[in-house]
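Enquirer: Okay, here's the structure, questions in a sec.
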Amino acid sequence: MSKGKKKLTKGQLRRVRDNRDKRLSKRKDPEWDNDALGPQIKGRIISRFGQHADVETMAGEVFRCNLRRTVGSIVVGDEVEWRQGNEAMAGISGIVEAVHPRRSELRRPDFYDGLKVVAANIDQILIVSAVVPELSAQIIDRYLVAAEDTEIPPVLVLNKTDLLDEQGLALVETILAPYRAIGYPIYLVSSETGEGVDALKACLKDKINIFVGQSGVGKSSLINALMPEVDLVVGEVSENSGLGTHTTTTAKLLRFPSGGDLIDSPGVREFALWHLPAERIAWGFKEFREYLGGCKFRDCKHGDDPGCALRGAVEQGEISAQRFDNYHRILESMNSDRPTRHFVDPLNDK
Ligand SMILES: Nc1nc2c(ncn2[C@@H]2O[C@H](COP(=O)(O)OP(=O)(O)OP(=O)(O)O)[C@@H](O)[C@H]2O)c(=O)[nH]1
Ligand SMILES: [Zn+2]
């Protein structure tokens, strides 16, 4: 929450929430009469806004639908059962009746609900970094921990390789070596020259993907290279990039011509570490898992504690010192970030 803005008291927050719930409970089903509806068919939510959603059929046709009051939360990526009306009413072509269980959920902090699901059924999180503005292992680790928490497999993408000479490339390989060693897939690409883009296309195929990463690493440029007809706004690397370039706020599911889907929105791109307790952060370093619980003291902070199994593994060269160091840096920054980063406040947002 930025300085100088009023924070709501708990009572005020409760009233705002109650009013919203009242509004939602007054929501009416449209006057679809069962005879006016076709059979139930399967579809995927490609965009969700207010009380409507766009549903794409298996054949790739898109229908704007209402949502039955009985269906729970519906987000982009959800697989649903819906029925088409015999004729469209006020631009609405059908109604969503049921949601299939989700394979995965992407959540972000929400003012009302703590954590709110923003997208479902994502198969893969592409963590994009670049040699410009900087290649930071600590930033990669922050994204990896957040991705591991969702249990959606992450993939590392290093963009702007055209800016590297031989020496630069060797340095990059040194930074990336610990990630290769623990089995994360890594793609070196240049959206500018197209180098590595075909290999990346193959990795995205048949999956629902999201691209995350800091502003300026070239997410829009990469998506444009993979999906030329979408034409996302590409900004210069600057202090402000990422703040004003995009106008859409709802997440949308788009299809790569070479196969696979992309869910994108500023909200999805802001995917980050928000709220994890220390034990979950340690678990997010996947190679630490087999050592967790093996320390001499049950409440071991994996610092200078005697008999620390993690430190032992670092000394034996089984865990990378770079990763272990980043684990501690993330813990320290989480402790200082926590009070201000817990909620996104829509009343103070924009
Ligand atoms: N040299 C080089 N520059 C690139 C490459 N990809 C992107 N850029 C440049 O990097 C800058 C940022 O690219 P964007 O695609 O806007 O980055 P983004 O990650 O989408 O940034 P946000 O929209 O702020 O999240 C632009 O000036 C691009 O032209 C690349 O492969 N090589
Ligand atoms: Zn320990």
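For all residues, glycine too, the Cβ spot is worked out from N, Cα and C.
Got these off TrEMBL a minute ago, pasting:
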- N159, K160, T161, D162, G213, Q214, S215, G216, V217, G218, K219, S220, S221: GTP binding site (BINDING)
- C295, C300, H302, C308: Zn(2+) binding site (BINDING)
- 1-14: compositional bias 'Basic residues' (COMPBIAS)
- 103-271: domain 'CP-type G' (DOMAIN)
- 1-34: region 'Disordered' (REGION)
Enquirer: Want to know which binding-site residues, from C295, C300, H302, C308, are within 10 Å of S215 (GTP binding site) at Cα; which are they?
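Expert: Close binding-site residues: none.
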Enquirer: List those of the binding-site residues T161, C300, H302 whose Cβ lies under 6 Å from any atom of ligand 1, in sequence order, or write none if there are none.
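Expert: Among the binding-site residues listed, not one has its Cβ under 6 Å from ligand 1.
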Enquirer: Of all the binding-site residues given, namely C295, C300, H302, C308, which is spatially nearest to T161 (GTP binding site) at the Cα level?
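Expert: Considering only the listed binding-site residues, the nearest one is H302.
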Enquirer: What same-chain residues, at least 6 away in sequence, bring their CB to under 8 Å of the CB of H302 (Zn(2+) binding site)?
Expert: A282, C295, C308, L310, R311, F324, Y327, H328
Enquirer: For G213 (GTP binding site), which residues of its chain lie six or more apart in sequence with Cβ-Cβ distance below 8 Å?
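Expert: Spatial neighbours, sequence-distant, of G213 (GTP binding site): L126, I127, V128, S129, A130, Y143, V157, K219, R269.
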Enquirer: Among N159, K160, T161, D162, G213, Q214, S215, G216, V217, G218, K219, S220, S221, which the record lists as binding GTP, how far apart in Å are the two most distant Cα atoms?
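Expert: 19 Å is the greatest Cα spacing among the residues binding GTP.
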Enquirer: I'm trying to understand the geometry here, so how far is the Cα atom of N159 (GTP binding site) from the Cα atom of C300 (Zn(2+) binding site), in Å to the nearest whole number?
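Expert: Between the Cα atoms of N159 (GTP binding site) and C300 (Zn(2+) binding site), the distance comes to 38 Å.
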Enquirer: Work out how many Å separate S221 (GTP binding site) and C300 (Zn(2+) binding site) at their Cα atoms, rounded off.
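Expert: If we compare the Cα positions of S221 (GTP binding site) and C300 (Zn(2+) binding site), the gap is 44 Å.
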Enquirer: Near ligand 2, meaning Cβ under 6 Å from any of its atoms: which of the binding-site residues T161, S215, H302 fit that description?
Expert: H302
Enquirer: Measuring Cα to Cα, how far is C300 (Zn(2+) binding site) from V217 (GTP binding site) in Å?
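Expert: Their Cα atoms are separated by 37 Å.
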